[in-house]
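Enquirer: Below you will find the structure I want to go over with you.
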Amino acid sequence: MRPALPPCLYRHHQRQKRRESMIMKTSSFTLGRRASFWVSAAVVAHTLWTSAAPAMTYPLYAAEWGLTPTVTTAIFAIYPIVVVMVLLGFGDLSDYIGRRTTMLLGLSGSLLGVLLFAIAPSILWVFIGRAFMGLGVGLSASPSAAAVVEFSAAGQSQRAGAVTTAAQALGLMCAALVGGGLIEYAPFPTRLNFWFLLFVLTAIFAATWFLPRHTSAEARGRWRPKAIVVPKGIRDIFSSATIAVTASYALGAVVLSLGAQIAHDLIGSSNSLINGATIALFAVVAGAATIPARRLASTTAILVGGTASAVAVALLALSAAEHALPIFIAAAATAGMGYSLLFSGGLNLLSANAPAHHRGGTLSALFLVAYLTQGIVALALGTIATARGLAFAIDIGAMAIAALSIAAVLLAFRIGKSLPSLQSSVGKSS
């Protein structure tokens, strides 16, 4: 016979049982670790699909509403700007309320943004929809990346980074190919693309609902809005990882905000599917590059990725100057490799060294810098393209991205030499 509990312990035991009972009633079915891993990867994929979904419609908006490159790139840029605002205010939210809840909030924002694009009667609706897309991605980007790490098998953090990069590449590829195909061959070219994405996001939302409510990496205490803090012991690692991911996002800004316009205006390709396939090649190569990336050390991936990125922007500038589609295709493929290795290398470097209870907030800090730079690059290039022409804007963008890529290479080389001692100091401080 079990001994009677003291009254205070008995009441605590009963409260605990009631809480467990409520959890069972509100979550009659929960996904296992493997399924949760892939659902989290699907949420990662949605961030790039949602981001890139309007890319193929920018030339159509420009023709229908008489928009300048400044306006079309502003449509793109409002998204990373809102992402930055969300990360500043809610960057570590998932560390407290759970990855699942934060991802559901983010998917809700993305759903609303895509719906506004699907029914937009004017450019104002497009801007509002883009802002909601930024809200959705800002809330879900870091928790989904953290969830992929936390739901991966023990000792598989490198695989988690590769899967995250591949999921982003898949989302981008779907945005380019599905968007290009529907725009070129289906009715309602500025709308059907978004209705299809709305269906996909609804399915991802439904799957995310069944994720485990909390993970062991969740922080203690109640969440309050506060500044994102990077743990002191990993700040050198954070700097190297952030420059690498920022370089990849700046490269992505050129491909996503101006890629279709470059193909249409400078290369002379008027087929939306072909233009979309060229952008999709960027994504396909980015996804394929994750396979060898899994075998590379994080710093090595950044070294190779930074070099490929610098070569890619040089080819992009050359394709615009020569009006050559083959060179543009080569630039897109090389850019895909550079993007993939820079992003996965930076993400793996930071994820492997960030303390578990600070992982969501630390990744948010990384994404904050990357998205802010992406928005600035897109707006700046759009303004330059309007004032001086698209070809001149591409030349300026190529030089800026090459400089970022070289900085990423130099920092990775330095961190690679000092990483063992840095990891030792992190272990002692945590």
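Note: Cβ is positioned from N, Cα and C throughout, glycine not excepted.
Feature table excerpt (TrEMBL):
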type	residues	note
DOMAIN	35-420	domain 'Major facilitator superfamily (MFS) profile'
TRANSMEM	72-91	transmembrane segment
TRANSMEM	103-128	transmembrane segment
TRANSMEM	166-188	transmembrane segment
TRANSMEM	194-212	transmembrane segment
TRANSMEM	233-260	transmembrane segment
TRANSMEM	272-293	transmembrane segment
TRANSMEM	300-321	transmembrane segment
TRANSMEM	327-350	transmembrane segment
TRANSMEM	362-384	transmembrane segment
TRANSMEM	390-413	transmembrane segment
Enquirer: Same-chain Cβ contacts of the transmembrane segment (233-260) under 8 Å, 6 or more residues past its ends?
Expert: 51-52, 55-56, 58-59, 69, 72-73, 76-77, 80, 172, 272, 275-276, 278-279, 282, 298-299, 302, 305-306, 309, 312-313, 316, 332, 335, 338-340, 342-343, 345-347, 349-350, 353-355, 362, 365-367, 369-371, 373-375, 377-378, 381-382, 385, 390, 393-394, 397, 400-401, 404-405, 407-408, 411-412, 414-415, 418-419, 422, 425-426, 429-430
Enquirer: Under 8 Å, at least three CB pairs between the transmembrane segment (272-293) and the transmembrane segment (362-384) (pairs 6 or more apart)?
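Expert: No, since the transmembrane segment (272-293) and the transmembrane segment (362-384) share fewer than 3 Cβ pairs closer than 8 Å, they do not count as touching.
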Enquirer: Where, among 72-91, 103-128, 194-212, 327-350, 362-384, do we find the most CB pairs under 8 A to the transmembrane segment (390-413)?
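Expert: It is 362-384 that shares the most Cβ pairs under 8 Å with the transmembrane segment (390-413).
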Enquirer: Same-chain Cβ contacts of the transmembrane segment (103-128) under 8 Å, 6 or more residues past its ends?
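Expert: Long-range Cβ neighbours of the transmembrane segment (103-128): 40, 43, 46, 50, 53-54, 61, 65, 67, 71, 74-75, 78, 94, 134-141, 143-144, 147, 190-191, 194-195, 197-198, 201-202, 204-205, 208-209, 211.
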Enquirer: Among 194-212, 300-321, 327-350, 362-384, which stretch has the most Cβ pairs under 8 Å to the transmembrane segment (72-91)?
Expert: 362-384
